[in-house]
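Let me begin by presenting the structure, written as structure tokens, before commenting on it.
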Amino acid sequence: MRTQKALAALLVFLTILPFVVLCFYSHPAFDDFSDAVQRRNAGFWTIQQDLYQHLTGRLFTSVVLTEASPLVYDRGLANYWLAPLGTLVLLGSSLYALVAAVVKQAWEGGAKLLATGVLLALWLVQNPSVAESVYWFNGLAVYTIPCALLVFWLAVVVQWWPAEARHRTVWLVLNLILGTCVLWSNEIIALPLLAVIVGLCGWEWWRRRPRRKKRRWQLLGLLSWFCGALAFSLLAPGNMARAAIIDIAVPWHKVLLGPPVAMSYLLLNWLSSGVLLFGSVLAVPALVRLVGGVKQAPALVLLVALRPKQLLVAGITLLLILPVSAMPSYWATGGLMPPRARAALYLLFLLSWFTVLLATVVVTRSSAWQRRLTTAGSWPRPVAALLWAGLLLNLATDHNLRVTRRDVGRASNNAALAYCDLFSGKASRYDALLLARYDKLRTSKKQRVEVAALPPNARPASLFYYDITTDSTFGVNRDYGAFFHKQTVWTGKGGMGHPPKTYQPPAEDEE
């Protein structure tokens, strides 16, 4: 068992390592420069009011975009690596907080850290776009940081639920603060939070235990506050203005039927990953031991006390929350959300997946196979060897099991792709060319500057999201130039054109 733990720790380390190294090659892109220029010119209160009135009701995200961006501060370009690296640390910390809240003393610190690493590694390996969700500040601020807040909020809920009376007020206040920040971050993440509160509220009122009357009213109060906070965000004038810019009429049947169909495809895509399936089966012995030490984890005591049917309903509810998250995208654009948003959805799926897996272990805790597994402590050696071989094979290859032509040939193992970007020199060329561009813009005396476009061998898939365009009148080009105190900049031959108003598959998919 120690050998397997050591091997698991090594695999987690090697999986996460390239993403940490790539942080030092990362650069801002696109809206990052626009947000920094607006913040520099307008000041805090003016820019927040302007964003709420004309662009978005995501109040917390607006603050993160304008105040946490490295570009707002001195040496921002040199210190940009702090943004992706800090985001990975924040997300890892939130996952550790959730794991620790669930298992309490049933696992030692090393086991909690390993479980956290496994979750983070799984998210990175199958992330729809690490370029957008980890290394592009706008993407990580709008989606990944709110995801980390949501995970922290879940940890607080787990702590609050079985807490002693003298500590419940503290956890309730933290619940309120973190929940409000999540609701003012992103609709895709806000709706699952609201669904969880609705589910807990319905659960308590359905059971109607006399001793928990106060808890029911607390949940009702939270639900009322959260509904009001979400309404304040969704009904912001900026959201209406942005919808007018997108200007896409979406029929109601597409809004209602699109999310379940899209989520069915995404679930098939995610579940077809050998890394997830082999990793989940290898994790079963640890979950069996966790259920065996349930007395040391108050949250699990409540889980074990539930009936099998109740656990089944809870698991199905978790999966039903996912289509709810996809509805804002279909309402606004009539299509699937962009990869950075799907990365947030994939993290929610991972948490739901392992919750259902844990519930399955709880339901079958009296079965013969679990008794044998409890006695042995791990899978039999032949079974374990096959599982590890399958996991290693999937991690070592850039496999693809996706089912539509649109996704064939694209990486489904981001760790392999990250190592390729590092060892092929794409990441270093990307870094060197952008540093040279910055130097040219700083030293040039011209107000209108043409810069070289990034060649294909300097566009690492793990890092590159979008560049400035060949059009000097494009708004992002002007903001890019304004960041360096220029009138505008543009790229020469081989540069990029205008991006679409909403997410669309790359042009080669339309052939």
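Positions of Cβ are set from backbone N, Cα and C atoms, glycine also.
What TrEMBL lists as transmembrane segment is 80-103 (among others).
Nonlocal intrachain contacts for the transmembrane segment (110-129), taken as residues 6+ away from its ends with a CB within less than 8 angstroms of a stretch CB, comprise 5, 8-9, 11-13, 15-16, 19, 88, 91-92, 95-96, 99-100, 103, 139, 270, 273, 275-276, 279, 283, 286, 338-340, 342-343, 346-347, 350-351, 354, 395, 412-415, 465. Under the heading transmembrane segment, TrEMBL lists 110-129 (among others).
Nonlocal intrachain contacts for the transmembrane segment (135-157), taken as residues 6+ away from its ends with a CB within less than 8 angstroms of a stretch CB, comprise 22-23, 26, 28-32, 35, 58, 60-61, 64-65, 68-71, 80, 83-84, 87, 90-91, 93-95, 97-98, 100-101, 129, 171, 174-175, 178-179, 181-182, 185-186, 188-189, 192-193, 196, 200, 340-341, 343-344, 347-348, 351, 462-463, 465. Summarising the annotation, TrEMBL assigns transmembrane segment to 135-157 (among others).
Sequence annotations record features per position, and here TrEMBL assigns transmembrane segment to 169-185 (among others).
As annotated by TrEMBL, transmembrane segment applies to 191-207 (among others).
Residues annotated as transmembrane segment in TrEMBL: 219-245 (among others).
According to TrEMBL, the transmembrane segment annotation covers 265-290 (among others).
The transmembrane segment annotation in TrEMBL covers 311-331 (among others).
According to TrEMBL, the transmembrane segment annotation covers 343-363 (among others).
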Criterion met for the transmembrane segment (169-185) and the transmembrane segment (219-245) (at least three Cβ pairs under 8 Å): yes
Contact set, same chain, for the transmembrane segment (219-245): CB under 8 Å, 6 or more residues outside the stretch: 51-59, 172, 175-176, 179-180, 183-184, 187, 190, 193-194, 197-198, 200-201, 204, 332, 501
